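Visitor: Handing you this structure, nothing more for now.
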């Protein structure tokens, strides 16, 4: 008769109890994990909604943390940039605030490709426009000129994005590089990045602009030929050298035509360089409208500096004196033969008229 081995009933009961405990423990861990996951999502949604519904100005004026080169700083106020000009949204202390919890990470803004570009023109007033716009709490603008679409395009969009300042949802990211307007390849490259990007061009009387351009050139290379010599192919018969860069840049209609081949007129906003001097608040108001922003930068921010000959910002809170653009702005122009100026005005007249017709705006240049 075969013998059968029977396990101890007590051992069998113990195993069953242990299996049940293991199952209950596993279910408990799963339930707790699920609870924390759902609670975290809800908390994140509440926090993100509360952030997105608050104007960016609150973050700048109420002591929220601000990121600069990957380090968090607190107490954001106006400070000066390298030109001695006030810049909104920069750190006010040199003491970093250490990141202590995940809620601080949620406040961190992200780097995005720009939604607006100041594409020109050189010596038209682009630096002044950029610095005035940077007063707006919903604008995050790169201070330097990245020259991505004209010089560094081969580096790719990831590199370009890494150059941008961090921004919160609802803030407009922008940069300015005046050379974009006159570079042949740039319109198509910008269009490849974004079909909806908003483009801003500051234009100025092309004769005055050319003299200002030449004044800047001789400040760096004082031994070049005179303006009168460079402006003509043949001084005797008065033939203008339209390919000389200071004069070529002023052929606005020719350059704008390339942009209109890629972008509708409604996506291009023209700023009067003269208006930026005589009525900065008016020009800034139209730019803010174009960008879809509230008119926060107004006439209360400006005063006219008679010495420099252009508007400066009234002293910001916490500062004892007003702020103007740096020494390189507002230079006394080189003295040019009046007859040369007359010939240049004749040369530009048909080009200006064509530009007025293309844009639907008459800038009143002589």
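If you go along the chain as it appears here, the first residue is 1 and each next one adds 1.
A Cβ is built for glycine as well, from the same backbone N, Cα and C atoms used for every other residue.
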Visitor: Given the ranges 2-20, 21-39, which one is assigned the annotation transmembrane segment in TrEMBL?
Guide: 21-39
Visitor: Fewest other CB within 10 angstroms, which one of the recorded positions 123, 127?
Guide: 127
Visitor: Please report how many Å separate the Cα atom of residue 332 (3'-phosphoadenylyl sulfate binding site) from that of residue 312 (disulfide bond), as a whole number.
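Guide: Approximately 17 Å lies between the Cα of residue 332 (3'-phosphoadenylyl sulfate binding site) and that of residue 312 (disulfide bond).
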Visitor: Within a 10 Å radius around the Cβ, which one of these binding-site residues has the most neighbouring Cβ atoms: 212, 332?
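Guide: Its Cβ has the most other Cβ atoms within 10 Å: 212.
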Visitor: How many neighbouring Cβ atoms, not counting its own, are there within 10 Å of the Cβ of residue 312 (disulfide bond)?
Guide: 21
Visitor: To the nearest whole angstrom, state the Cα distance for the pair residue 312 (disulfide bond) and residue 123 (active site, for sulfotransferase activity).
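Guide: So the alpha carbons of residue 312 (disulfide bond) and residue 123 (active site, for sulfotransferase activity) sit roughly 17 Å from each other.
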Visitor: Quick one: give me the count of other CB atoms within 10 A of the CB of residue 125 (3'-phosphoadenylyl sulfate binding site).
Guide: 28
